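Notes follow the structure.
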Number of protein chains: 2
Amino acid sequence: MPTAADRLVRTLSQHGLRQTPVRRSVLQVLADAAFALSGSEIEQQLPAGTDRITLYRTLKSFEESGLIHRVIDSTDVVRYAACSIECSAKAHFDNHVHFKCTICQHIYCLNQVAIPAVTLPAQFQVVSRDYLLAGVCRECQPAV
Amino acid sequence: MPTAADRLVRTLSQHGLRQTPVRRSVLQVLADAAFALSGSEIEQQLPAGTDRITLYRTLKSFEESGLIHRVIDSTDVVRYAACSIECSAKAHFDNHVHFKCTICQHIYCLNQVAIPAVTLPAQFQVVSRDYLLAGVCRECQPAV
DNA sequence: TTGCACGTGCAACAGTGTAGCTTGTTGGGC
DNA sequence: GCCCAACAAGCTACACTGTTGCACGTGCAA
């Protein structure tokens, strides 16, 4: 039976990435997260002493390899979330809606909710789409 | 017949904002822009010597008054665009799709394209929605 | 005209992310 | 198991975006 560590090793090698302690830690943090994390949030969850610059470079190479995707936010902070299993460097399949809770500030990837299509004026050619909802999440609803 | 300057004065007073040179300039720049601008882009178009901090404070108060709205981007930069005429501090009506051209980097407000609704899992309560498309705009299409 | 709340301008600073360089490590080939 | 080239890590320094606190100036209503 493969352990969690085995899965990390396999995921990295499947995407053509080297096995290093930092990469394993970053991947672990993102895989364990229930919602999208910002650079500094990821940093806080890494082993003490992990280099900030290395983290950003790791995130960049993960993104280019299709391991994680950016989640846009209504603020100026970029967040990251682990991609679904079928993503690769060639094709990102993050065609799902994101939901930001205005109370707990968490951003959820609603993998089960696809982004609806829109009809654009002629000659606008669409490559990718982001749909961000804001509101109150399940956990933060006032008790009935 | 009201001049452009008259319109600026009226727009400011209608939103309960004072008439100052900086505010008129910022409003002018945003009203003239065909697409969303970042803080530094606005700064470049202002009269030389305009204070950067004052600009950010001006943008903040414009946003709170419903004169402009934030446009999310897939990068970490916040951009601003003039709101449609019927917006106010009480109700923003920026319920339209944004389109970012990956070639010229311009972000268009497609006012005529409404954001389609989605069905969310129970107990997620939606307050606002952002829909950002990326691709190639009208101007950047390869000649046929 | 006057008062004062609000806007401006300045210095300082915080957070996020990048560039360039040197050192350390991984992993393929022998 | 060893070697080595390519890649990753770790450092300093820096750029950009945006904020805070404070003193001063100004729009505007009375």
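In case you wondered, yes, glycine gets a Cβ from its N, Cα and C as well.
Here's what TrEMBL has on this protein:
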{"type": "BINDING", "residues": "B:Cys101, B:Cys104, B:Cys137, B:Cys140", "note": "Zn(2+) binding site"}
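Secondary structure from DSSP puts B:Cys101 (Zn(2+) binding site) in a beta strand.
By the criterion of other Cβ atoms within 10 Å of the residue's own Cβ, the least surrounded of the binding-site residues B:Cys101, B:Cys104, B:Cys137, B:Cys140 is B:Cys104. With a threshold of 8 Å between Cβ atoms, the binding-site residues B:Cys104, B:Cys137, B:Cys140 that neighbour chain A are B:Cys137. Under the DSSP three-state reduction, B:Cys137 (Zn(2+) binding site) is assigned to coil, being neither helix nor strand.
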